[in-house]
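**Student:** Sharing the record's features from TrEMBL:
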TRANSMEM  27-47  transmembrane segment
TRANSMEM  67-89  transmembrane segment
TRANSMEM  96-116  transmembrane segment
TRANSMEM  142-162  transmembrane segment
TRANSMEM  183-206  transmembrane segment
TRANSMEM  218-237  transmembrane segment
TRANSMEM  326-347  transmembrane segment
TRANSMEM  367-388  transmembrane segment
TRANSMEM  409-429  transmembrane segment
TRANSMEM  461-482  transmembrane segment
TRANSMEM  494-515  transmembrane segment
TRANSMEM  541-560  transmembrane segment
Amino acid sequence: EKLELVDGKVNWKGETAVKHKHGGLRAALFVLLAFAFENLANLHLAVNLTTYFNGILHFEVSDAANALTNFMGTGYILSIIFAVFADTYIGRFKSILISGSVEFLGLALLTAQAHYSSLRPPPCNVFDPTSRCEKLESSDTVFLYVALYLVAAGMAGIKASIPSHGADQFDEEDPREAKTMSSFFNGLLFALCIGGAVSLTLYVWLDDHKGWDVGFGVSAIAMFVALIVAVLGWPLYRIHVVQGSSVLLELIQVFVAAIRNRNLKLPENPLELYEIDKDKEAALEDDFLPHRDVYRFLDKAAIKTASEKPNPWKLCRVTQVENAKILLGMTPVFACTIIMTLCLAQLQTFSVQQGLTMDTTIVGSFHIPPASLPIIPVVFLIFIIPFYDQIAVPLLRKVTGHVTGISHLQRIGVGLILSSISMATASIMEVKRKSVARDHNMLDALPVLQPLPISVFWLSFQYFIFGIADMFTYVGLLEFFYSEAPQGLKTVSTCFLWTSMALGYYLSTILVQIVNRATKHITNSGGWLAGNNINKNHLNLFYLLLALLSLVNFCVYLFVSSRYKYRSKN
């Protein structure tokens, strides 16, 4: 019976979790289903909010794009704060419930603003050069941003806690459960795609044809359902035990101690470095990590001196130091993924604006909303993820010997090079779109009302390629960070992905402004991306710039990943 107990995990009553009774794939399904409903609630915001900001609230195109990327960036960067609270104080499951409630409140407020005309400017065609559209009043702007950033905060908590809470349902030390955990991370993307498929079609259609109050309203309902589903799985979960001490603080202590001890000489034998006695401590085996001969300057944090009492800001145990080394080793990999989200931000902003100028006809009088274009890679991923997980991975496993088929770093690298190809494709498609506008004398055509005689499905190539890049890089990153991170930093580690995405969104905002300023006096439009008429902009050059940046980034990643050493599992 003792062998069936799961160390460090409890059930909903606070008793030690039992392996065949709690956790496993059955419990993880509730987590995946809740994640699917959460993405159903908010994924359409990521692709369609620029239309709301631009067409309803009268933001300029570049301002609308920046408002969206700032919103998305905040939603990702706040995940770090939620992760620390989840790991240290409230636990991952409670974090999911609190965050979901906050997101529900934000969506309800957005519904109110979209419904009541007193909270937004009067209707006006921003694409008509002769019209003078009123801007959002200051009090209404405050209401908008309070609602938006409540949603962002809720999204942050969900993203921080759901991957690690789901992974908690599996035991890494059990080979069978370790394989299932790998499938769970693929399942996260699959759940995102299932929820996203409905969000990017039905919800976008509701936004555009039934009103934004309806779109935001059904999002709030989906978020409420996500909370219900998460609670229904409570009796089955293995719940991570909150330690009450911050591993993040312990890592900071390592760097501070290493700096304070910088003048001390390292002992030749690493066994002379400070570590607590295993026999005298009631600690799990996982609490001890062997010394590695990398980043030796951090070892100075564990140099013992007989003259003074132990001070956590001057003397750290070897396991603490090794945790810091793991985190430091993952940082270059983390940094190399920021550019990919910078590219993703353009598909959620400028590519949607491109679609508004094109023919959106599918058959007869049925039109696809431009914001629904990401459905193309999503539908493909719905089929390719099960194929990759159930067929490709077992075959690769036989060839490579890796539990996951290919290593995490190889998977990330495939996605990075595909993102560069996606941006190059986007540049070519934009050249084609603008040539059609020029040839038909439609450079001043009004988006939506006067579509260009070119199908919006030409944009599907860039979305399709980037969708495959998503499957490789983002899932690979989640699994890489969770597998490599110290035990007490599992939640924070999965937030490295979201932090990388946040920085990518913020970098997008900065890059758009830099490009506009740098090209202000050399283009007739006042900048590559300035104004509301993208037919007279130079979006193709911007995409080409991103393709080159992504290629350089991939070359840097090859160097970084070749030097990375996976941590010992013993």
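Heads up, the Cβ atoms here are built off N, Cα and C, so glycines get one too.
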**Student:** For the transmembrane segment (494-515), I need the partner stretch with the highest count of C-beta pairs below 8 angstroms, choosing only from 67-89, 142-162, 218-237, 409-429, 461-482.
**Tutor:** 67-89
**Student:** Are there three or more C-beta pairs under 8 angstroms joining the transmembrane segment (67-89) and the transmembrane segment (142-162), sequence spacing 6 or more?
**Tutor:** yes
**Student:** For the transmembrane segment (409-429) and the transmembrane segment (326-347), does the number of C-beta pairs under 8 Å, pairs 6 or more apart in sequence, reach 3 or more?
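**Tutor:** Answer yes, regions in contact.
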**Student:** Determine which recorded stretch among 67-89, 218-237, 367-388, 461-482 has the most C-beta pairs below 8 angstroms with the transmembrane segment (326-347).
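**Tutor:** Between the stretches 67-89, 218-237, 367-388, 461-482, 461-482 has the largest tally.
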**Student:** So which residues does the transmembrane segment (67-89) touch in its own chain, when a touch means Cβ under 8 Å and the partner is 6 or more beyond its ends?
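**Tutor:** Non-local partners: 46, 49-50, 53, 59, 95, 99, 148-149, 151-153, 155-157, 159-161, 164, 242-248, 345, 348-349, 488-492, 494-495, 498-499, 501-506, 508-509.
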